[in-house]
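A.B. asks: Quick one: the structure is below, and I'll ask about it shortly.
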Amino acid sequence: MFSRKKRELMKTPSISKKNRAGSPSPQPSGELPRKDGADAVFPGPSLEPPAGSSGVKATGTLKRPTSLSRHASAAGFPLSGAASWTLGRSHRSPLTAASPGELPTEGAGPDVVEDISHLLADVARFAEGLEKLKECVLRDDLLEARRPRAHECLGEALRVMHQIISKYPLLNTVETLTAAGTLIAKVKAFHYESNNDLEKQEFEKALETIAVAFSSTVSEFLMGEVDSSTLLAVPPGDSSQSMESLYGPGSEGTPPSLEDCDAGCLPAEEVDVLLQRCEGGVDAALLYAKNMAKYMKDLISYLEKRTTLEMEFAKGLQKIAHNCRQSVMQEPHMPLLSIYSLALEQDLEFGHSMVQAVGTLQTQTFMQPLTLRRLEHEKRRKEIKEAWHRAQRKLQEAESNLRKAKQGYVQRCEDHDKARFLVAKAEEEQAGSAPGAGSTATKTLDKRRRLEEEAKNKAEEAMATYRTCVADAKTQKQELEDTKVTALRQIQEVIRQSDQTIKSATISYYQMMHMQTAPLPVHFQMLCESSKLYDPGQQYASHVRQLQRDQEPDVHYDFEPHVSANAWSPVMRARKSSFNVSDVARPEAAGSPPEEGGCTEGTPAKDHRAGRGHQVHKSWPLSISDSDSGLDPGPGAGDFKKFERTSSSGTMSSTEELVDPDGGAGASAFEQADLNGMTPELPVAVPSGPFRHEGLSKAARTHRLRKLRTPAKCRECNSYVYFQGAECEECCLACHKKCLETLAIQCGHKKLQGRLQLFGQDFSHAARSAPDGVPFIVKKCVCEIERRALRTKGIYRVNGVKTRVEKLCQAFENGKELVELSQASPHDISNVLKLYLRQLPEPLISFRLYHELVGLAKDSLKAEAEAKAASRGRQDGSESEAVAVALAGRLRELLRDLPPENRASLQYLLRHLRRIVEVEQDNKMTPGNLGIVFGPTLLRPRPTEATVSLSSLVDYPHQARVIETLIVHYGLVFEEEPEETPGGQDESSNQRAEVVVQVPYLEAGEAVVYPLQEAAADGCRESRVVSNDSDSDLEEASELLSSSEASALGHLSFLEQQQSEASLEVASGSHSGSEEQLEATAREDGDGDEDGPAQQLSGFNTNQSNNVLQAPLPPMRLRGGRMTLGSCRERQPEFV
């Protein structure tokens, strides 16, 4: 192959002909062009490196896979630096490097031809070396000498290649070094003993690869077409990336020896042999295996943290690209819009692919396989270590036994020698003794002979034991050696498996990272080149060109004098800061003087006062006349006309002045006050002004809203409002724009007070502000629950939503009595009431009465149990009832010692719980259930250091028993005090008159007795009305009741008012009423027909939507607080 390439090169035109044809000749180093700033020229005297530079020893071996790119950075080598020799593609004659003093002359010099011949001679020597290597490896004879001979031929070929690359650095390319590394690996791994065809094919392929790579590089070098991106130029003096790194350390300028070639990678058998020969080889191998496990753990930790960062970066990039894409793509004609649109898409694709790649790395290719391999590695290492230590312990025991047997054997031999000496001595003494002493000497001799025989036997036994221990020690030693061989082989196998796993995982990781990051430079370069093509102002011109607008019309300015149409306008007389229904006259009377339109029909004269302080608040709007009792108002009642109002602040309010055609005011007017002088629920007008398009809550519609001008604190969410805020012109309430949907504080038409610390405060402080001693929060919650939640299943037992409960508590502290509860959940309201009572520092039933009340409950339970035991199977429950009555009597005596406000609030709350119990079939709340709920709340011991004391846990049933008894026997416990109402009630009204109303369609024998709920006894008498929201109830009521029954109901309502002197409250319109106004109404309509009272009450009994109609009820009989109704239907009477 090399000979054919040589002949082709000889046929190519010479360098001189190229120069004469116009090809550039070698130029001085100072004139060499720079290519993109990456190829620097070093003005050295020669391309050949100094001789001493080749003597620098390189460490390690450099092996590269054959699939690497031609780019130098892909092989792990940096591009040529400032001190490296590089040459661009424009240099056609790279054979010699002209120094500044040796500039080439015209034509082809003789040195050029000599360089070509020298290069071709070196290439021929390299080809011969490869041929010798091929013959040595593939020959079939001399099996023992083939390996060293092959390594010698390989070293000779690499030495020639190293000399060529040292002389011509431009030949040092990635392909050449990669092919050389592959050839070295194949030669070292070749099995010369076995005739394996697969290994021969791989060796021949590696040999052909290096020949093709080197010949191609030489051909490109001679043609001047060497690609600078494939060079591996090494700075002078740095040989760590040169040819020496392919085959390890060597001598200066000499090829490596056979030992140096073999030191790179020893066969597995040789590694085991080396470890077997050295002392502590198994321990060294085990230590390496242990360190390798730690190394894998560190690798996993590093890659896990790195992939986590990659994942976070990819997700963050996706997020910002997705968020910015919407805003960037809004305007169509922006500069470089397509560039950044493409960049955002590339970022999204990169982030998506990176997330997938990281997930693959974590689950499939790197972390999971490496983790499993580490665990298996540690398991096998520990097993091998245990087997090795077990073999060592056996050998140590054998050696110990051997030492003991040797000592015993030596001792027995010494004893035997001593016995033989004594026998010999006795024989000599016997021989030299006198004839008369022969018997004694004979006995002594016999004795010593016996001792000598015993010592001989013991010595023989010790020798046998010694020999056995020696044989056992040899056996254990051999077993240890066998275990050593097995352990070393297993350790190497485990290490090789772990190496293979690490290798495959690493290749997969970096290959995947290369696949992810390789397109990025191309994308960035493409974006850069595309950005260079943009002309400033191009997109702006395109935008202007696409605008399709009409020609701008000519405008003329002329002076127009003002002509006044009227001398008086009702709008000019409007008050500045607040709204009054009389400020705007009817549209027909716009030109009339003030005397004619000052007071309209149906509007009191006091309503025309123009000051805010003189405004009179009414509970019902006056837009519906007294005679209009239908659900649909007449044409004159519903036609309103809006007039714009000029505010002193320059802002629009949320409600506008509404005037009906008859002059009646359609805006909010109020006539009666609540605890603080304001009604808790105000009529709602149609929203308008700056917040008319917002979803306003029922309470928010009562405010006159304008835009917030200064930062303030939101009364709904208790955070500061800086932008997009609203405030009320009358009560100065500030609120976020978004909080208007859930605002629960109504307008009080005067400046709202600061926040009240309500929860957790002393009960006497809250009760001091109430005339009857019942705090407003208790009244609000109880009235709302009685209005619409008496029959709610699980009331007080089911908890509300925590967030809504907290907002309600905050609303009570901010708005006090002005909190709107009609849109709140009944369970939330009941939870607020329980929370208020639970957070009192001292409960309603004082601490000092706790032990007495609990003691009464214990005695009552004990007595009831004894009564049940005494009655045995009898059905009579009089004993239990007597026990309960006795307990109620004693409770009445104890509760007299409570403070007045505590007793009043407790009576108010128990009356409410009594009403809940009366409908327990619907709400499932029995007195026992309510006792369980309110027992620990109303009656608890004095707090101690423990969070929940044991005694309080034990007393829970007794607390529930006390509250259950108070609910069941409410009339007995509080019989001495009449029920009081906020409107006032005389004690003499305890006795009720008996009212009998005949029902025309009921039979005499059918009578049903209903308990009359004492709704007039407290501040929130419940009125039953029929709303448009329940069409079925309205139809049923209209079918059952006639006009005559409604007339009878009118007389009945006024009779009940005279007997109890209690004011009626309208549940749909407001929670409290004014007794004086009802009495005044009764006086005004008392002389009319019998439908007058009912119609007068129904005129005022309207809710915020003016869609409520009174429902006539069946006639009834009142006797002592109970109602007797002659009806065959179980129908509860309803009052209007």
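Each Cβ is built from the backbone N, Cα and C atoms, and glycine gets one as well.
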A.B. asks: Region 'Disordered' per Swiss-Prot sits at which of 91-110, 691-710, 911-930?
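C.D. replies: It is 91-110 that Swiss-Prot describes as region 'Disordered'.
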A.B. asks: Swiss-Prot tags one of SER504, SER619, SER880, SER1043 as phosphoserine; which one?
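C.D. replies: According to Swiss-Prot, the phosphoserine annotation belongs to SER619.
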A.B. asks: Could you check which of 20-79, 440-499 is flagged in Swiss-Prot as coiled coil?
C.D. replies: 440-499
A.B. asks: Have a look at SER90, SER433, SER439, SER578 and find the one that Swiss-Prot tags as phosphoserine.
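C.D. replies: Per Swiss-Prot, the residue annotated as phosphoserine is SER578.
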A.B. asks: Could you pull the average pLDDT for the domain 'F-BAR' (269-539)?
C.D. replies: 88
A.B. asks: Please list residues from the chain of ARG797 (site 'Arginine finger') whose Cβ is under 8 angstroms from its Cβ, counting only those at least six apart in sequence.
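C.D. replies: Once residues fewer than 6 apart are set aside, ARG797 (site 'Arginine finger') is near MET925, ASN929, VAL933.
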